[in-house]
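K.L.:
Copying in the features that TrEMBL gives for the protein in this structure:
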- B:CYS530, B:CYS533, B:CYS536, B:CYS571: [4Fe-4S] cluster 1 binding site (BINDING)
- B:CYS542, B:CYS561, B:CYS564, B:CYS567: [4Fe-4S] cluster 2 binding site (BINDING)
- B:552-581: domain '4Fe-4S ferredoxin-type' (DOMAIN)
Amino acid sequence: MRFNCLICGKGGQGVITLNRTIGNILSLLGYKVISAETHGMAMRGGSVSTFLKCGEFKSAGFGYNQADYIISTDYEEYLNNKHYLKNDGYNIVNTDKNNKNNNGVFFDATKLSLKIFKSPKYANYFLLFIFFSLLGKIDLIDVKNILINQKLLDENKYTLILKELKDVI
Amino acid sequence: MKNFLMGNELIALAAYNAGVRSAYAYPGTPSSEILEYFSKISDEVYAQWSINEKIALELAGAEAISGKYVLCSMKQVGLNVAADPFFSIAYTGVKGALVIASADDPGPYSSQTEQDSRMYAMSAKLPVFDPINPEDAYFLTKKAVDLSHKYEIPVMIRPVMRVCHSRQSIDVDIEKNNLIISNSFEKDTARWAATPKFRKQLHSILNQKLKDISNKYYKEFKINKKSDFAVVGSGYSFAMAMDIVAEDGLNIDLYKLDLPFPLSDELIKSLLEEYEKILVIEETQPVIEMQFARRDKVFGRLNDFITNMGELTYQYLQSKLYQFLGKQNEIEEFDVNVKSAKPRLCPGCGHRPAFYAIKKVAKNRGIFPGDIGCYTLGVNLEAVDTCICMGASVTFAEGLKRANNDKVVIATIGDSTFFHTGVPALINAVANDSKIVLAILDNETTAMTGFQPVPHKHKKISIERVVKGCGVDFCKTIDPYDFDGSIRLLNEAIEYSEKNSTPAVVIFKHPCITKIKYKGKKKVVITDKCKNCKICYEKFECPAIFEDKLANAAKIDELLCVNCGVCMSVCPFDAIAYVDEVDDEV
């Protein structure tokens, strides 16, 4: 499997954790992944973007118009990075605005997380499961099992998230 | 693939697997995770966050001349601080092994310069490895430890930020090794305490070591010519070049040079003979390129083919590789319009009211030297005017006051930075009757780099006692959440300093908001008294307050707000107030 993915958002929204979680899951499932993060100043609310490549690569870099996926925890940061997306690439964006376009999913993951879990902190799991279902090839049960093993999620939360996502995808 | 590890983690793991059991560091992005990870590998390691990089390197050196295998890590500007022992220990060499990991920051993303640590290695005459990605960092760090032990020479590994903070799938484990490491210092004055006469001999030994290393390391290096064009280089930018050549099917021969210094003369000569044109890709200064002394064939930074600043991006390298081959670059031009969000102090951060108070007391006659840490973000509040390097707020305050005697000079420095290099500067200011106010922003952690411990954490030492020991009589502590009290105390400090011709110190003490998980019990709201004067969200710039344009008023983002209520002190219309009890769960 080969793909390029850009994950972006604002410092504090869990961008780096999301990047690490996706890379970890793919590595444990036997894929070769390389990703690049930015730390430091960025964690104080500044723009954060991370690159992730799956396949036989030496670096995590790619140029404009080369991303198969953009996952963004923030609408403005999606706008800042959308020039990286291929013409037939997918966007997965957490936004409270009613933005729609043909090649992506725009939805209010924070609101969903607040609704089900009374906390915004599960918002990125909605993005993660949408990403893995768009990616195909990987069984969501395998993803779930890894997350449960690492004590990031439990069976009940997984069921609730998947139930909500049926209406989004 | 079992692991998805960061470059910094792999450097630490490789050092451990090669026999390193002690490590010293001062935190600095992008290097901090090296020591953090090392300290967690096993119970048998010793890991120390030292006061500054000079001290870290001297401690590491002392262990290494006693036969131990040691790692010392820092960021590139930290190497400036450690430069003195760095140059000297190159001459004495070591007995066990000493690897210095100096992390560079092309961009720069979180540093004051884009300097290249490999230049220091070259200048000090020490070998330096330059890994292209995390996996490479693992293998080259192991080589660095072995090389250091074999030749009794300190060795540098120089990862750039993209290597430090990249993660890669890799199958590695913690290895037990049976290395028997001698552990005692053997006296040898001519080597360890050399006078200038012996130093010349040590220099000659060092020169010989470098010659042996370059010949040996590149002995097996194969030249396999398929094209007239070659790209040579090291570091992350070279990894991207490798990906571009593979992805775009470019007719270029690639030569990865793990050890940019010392290069082998033989190798350089053969490459120059074989190829029509050679492009050098490396960051951020032309270390490899300078060693290829042929302007007619060699392309790089010295003939302005490659830019002499900034990070080399995939996009940029792609266009340069096409240009190097004389090919049309078929990549579309993009109209990129990026509005990046700037970093800001967290909601509830104690630094914010401290800066706001400083600005308020100084009125329009203040000059504010600042320092390195989260609180550099005081620039957003117009309460930081200069930021040079670690500890320079105190010295700049002394100099600025001397040159601008009619101004009120209030310097800010964090607790960790104060111990790092602020203390000697404060002693200097006292000794020279400087009329400055120093505000020490004590949040009890090294927050910006990931919450490393500070010296006064375990109460073995206190900032107040150190300040008084420096000869400062006026040293008072206040919680910056007490905004009116802070204003009174700063005024008192200014008056004292002017009257007595001596520095006055105010310690603003409030634990880092991200550590204490502060959640006020009462909810803060903006009432209809709000005139939308913009002070709370623009001047005070709390990230949890924004402008509701429809209502023409300020509004609170409940997900971000920690209900600290400090904004109430700065609202001129008393339009911010506490309301009902809030649920602890939210």
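Any Cβ shown, glycine's included, is placed from N, Cα and C.
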K.L.:
Tell me, roughly as an integer, the mean pLDDT over the domain '4Fe-4S ferredoxin-type' (B:552-581).
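P.N.:
Here the predicted model's pLDDT, averaged over the domain '4Fe-4S ferredoxin-type' (B:552-581), is 91.
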K.L.:
Taking DSSP three-state, what's B:CYS542 ([4Fe-4S] cluster 2 binding site) in: helix, strand or coil?
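P.N.:
B:CYS542 ([4Fe-4S] cluster 2 binding site) sits in coil per DSSP, no helix or strand.
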K.L.:
Over the span of the domain '4Fe-4S ferredoxin-type' (B:552-581), count residues by DSSP class, listing helix, strand and coil in order.
P.N.:
4 helix, 10 strand, 16 coil
K.L.:
Let me spell it out: for each of the binding-site residues (B:CYS530, B:CYS533, B:CYS542, B:CYS564, B:CYS571), count the other Cβ atoms within 10 Å of that residue's Cβ, using every protein chain shown. Which one has the most?
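P.N.:
Per the Cβ count, the most surrounded site is B:CYS542.
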K.L.:
Have a look at the binding-site residues B:CYS530, B:CYS533, B:CYS536 and say which one has the shortest Cα distance to B:CYS567 ([4Fe-4S] cluster 2 binding site).
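P.N.:
For B:CYS567 ([4Fe-4S] cluster 2 binding site), the spatially nearest of the binding-site residues is B:CYS536.
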K.L.:
Excluding B:CYS530, B:CYS533, B:CYS536, B:CYS571, please set out which residues of the same chain place their CB within 8 Å of the center of the CB atoms of the [4Fe-4S] cluster 1 site, keeping sequence order.
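P.N.:
So the extra residues in range turn out to be B:ILE526, B:LYS531, B:ASN532, B:LYS534, B:ILE535, B:ALA554, B:CYS567, B:VAL570, B:PRO572, B:PHE573, B:ALA575, B:ILE576.
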K.L.:
Quick one: of the binding-site residues B:CYS533, B:CYS536, B:CYS571, which has its CA closest to the CA of B:CYS561 ([4Fe-4S] cluster 2 binding site)?
P.N.:
B:CYS536
K.L.:
If I take the alpha carbons of B:CYS571 ([4Fe-4S] cluster 1 binding site) and B:CYS564 ([4Fe-4S] cluster 2 binding site), what is the distance between them in whole Å?
P.N.:
14
K.L.:
Count the Cβ atoms, other than its own, that fall within 10 Å of the Cβ of B:CYS536 ([4Fe-4S] cluster 1 binding site), considering every protein chain shown.
P.N.:
26
K.L.:
Around the [4Fe-4S] cluster 2 site formed by B:CYS542, B:CYS561, B:CYS564, B:CYS567, list the extra residues of the same chain whose Cβ is within 8 Å of the site's Cβ centroid.
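P.N.:
Near the [4Fe-4S] cluster 2 site, beyond B:CYS542, B:CYS561, B:CYS564, B:CYS567, sit B:PRO347, B:GLY348, B:VAL524, B:CYS536, B:ALA544, B:ILE545, B:ILE556, B:VAL562, B:ASN563, B:GLY565, B:VAL566.
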